[in-house]
Amino acid sequence: MQINPHYAELNESYLFSTIAHKVADYQKAHPDADLIRLGIGDVTLPLAKSVVEAMGKAVEEQGHKETFHGYIPSEQGYEFLREAIRKYYAERGVTLSLSEIFISDGAKSDLGNLLDLFSADNTVLVPDPVYPVYVDDNVMAGRKILYLAATAENGFLPMPQEAPDADIVYICSPNNPTGAAYTVEQLQAWVEWAKARDAVILYDAAYECFVSQPGLARSIYEVPGAGEVAIEVCSFSKIAGFTGTRCGYTIVPQALVRGGQSLNKMWLRRQTTKFNGVAYIVQRGAEAVFSEEGMAEIQQNLDYYRRNAAVIAQALDEAGVWYCGGKNSPYIWLRCPGGMGSWEFFDWLLDTARVVGTPGEGFGPCGKGYFRLTAFGDAARTREAAERIKAALAKL
Ligand code: MLT
């Protein structure tokens, strides 16, 4: 018997687990410390009223023989939800067929699961810094990983002319952790790059709902022809606060063919074998996100988080700290003041301001000297954190 040797190549623990342990240790040593957590991008507002109502109704249905739902008719997801997603894309001029939409239990799972479609011999290109899931998933599979530097010089938006050859590339826009977002035109260059070498783009659109600036892409399929090269993964976590409810979706276009095989067919085959779908109750809740009332309620929540981002940004402006993001993204990416390293600043901020953030270095070597704060916190606590950060920085 041989275990998967590649697990030994991983960091000791997943970034957010490492931070959670560090914070728990700190809290144990300082039981009276009032910590404000702006680290992991977890939402704080409850589910929208329409979502809760739809889920309540679905719970009731599950309690009656006439309306009970057992195994989901298609592991791909209920048609009512796929239809709602189809319309959501159509409003942005993107045409999808229902067969291209797969309901999942969240973006993180599918970002890993999708790798079942590709040989372990493929080379993967990931930006640095990056959401650590992309790297860890590929380390586990023993794939060769190449890194593409995202730096202040390239606006944290590396372009294909800087890229080495690869078979799979991950793009996350608006980006986690830097908050930078590609324009449709910039994504067009990536689509052309992928076409020229038969590569596949795994496009993480989890933060698309934060895009407000015209010209910035919310879906890679806004680029004509992207369906031949890209799989898009999205989530209800950030748009509708489903971090604890779990639902997302993945688009695998019919036009995506590699090695003579339809990736859509392969993904369907994979899902029907390894996945039994997302709970009916949850899918009904997700459907309500796209109703008129649902969308209006959700916009209010997104505005709440946008105001949090503005509060953090203002504090950093006043303290003279360089940052980016926070405009089309819930993340603020700042340069650690006083030449501090990312983990050094993490410890300093925790101890001085009792505020928890995420060290940039945890997202990759190019994140060295940077730090991420999330706008997903409670508004009053975020204002308090901003005041504390400003006061702490004034002492530097
Ligand atoms: C993050 O903080 O980067 C995200 O919340 C992690 C995730 O979405 O899984």
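Placed from the backbone N, Cα and C atoms, the Cβ positions cover glycine too.
As recorded in TrEMBL:
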BINDING   TYR14, GLY41, LYS108, TYR131, ASN176, ASN276, ARG372  substrate binding site
BINDING   TYR71, ALA107, LYS108, TYR131, ASN176, TYR207, SER235, PHE236, SER237, ARG246, ASN276  pyridoxal 5'-phosphate binding site
DOMAIN    34-389  domain 'Aminotransferase class I/classII large'
MOD_RES   LYS238  N6-(pyridoxal phosphate)lysine
**OP:** Can you tell me which of TYR14, GLY41, ASN176, LYS238, ASN276, ARG372, our recorded positions, come within under 6 Å of ligand 1 at the Cβ?
**Re:** GLY41, ASN176
Original post:
At the Cα level, what's the spacing in Å between the residue listed as 'N6-(pyridoxal phosphate)lysine' and GLY41 (substrate binding site), rounded?
Top reply: 9
Subject >> Candidate with sparsest Cβ neighbourhood (10 Å radius) among ASN176, SER235, SER237, ASN276, the listed binding-site residues >> reply: ASN276
Subject >> Fewest Cβ neighbours within 10 Å, where candidates are the recorded positions LYS108, LYS238, ARG372 >> reply: LYS108
Original post:
Relative to the Cα of ASN276 (substrate binding site), which of the binding-site residues TYR71, SER235, SER237 have a Cα no more than 10 Å away?
Top reply: TYR71
**OP:** Tell me the Cβ contacts of GLY41 (substrate binding site) under 8 Å, same chain only and six or more apart in sequence, or just say none.
**Re:** ASN176, LYS238, PRO330, TYR331, THR374, PHE376
Subject >> Diameter of the pyridoxal 5'-phosphate binding set by C-alpha atoms, the set being TYR71, ALA107, LYS108, TYR131, ASN176, TYR207, SER235, PHE236, SER237, ARG246, ASN276, in angstrom >> reply: 35
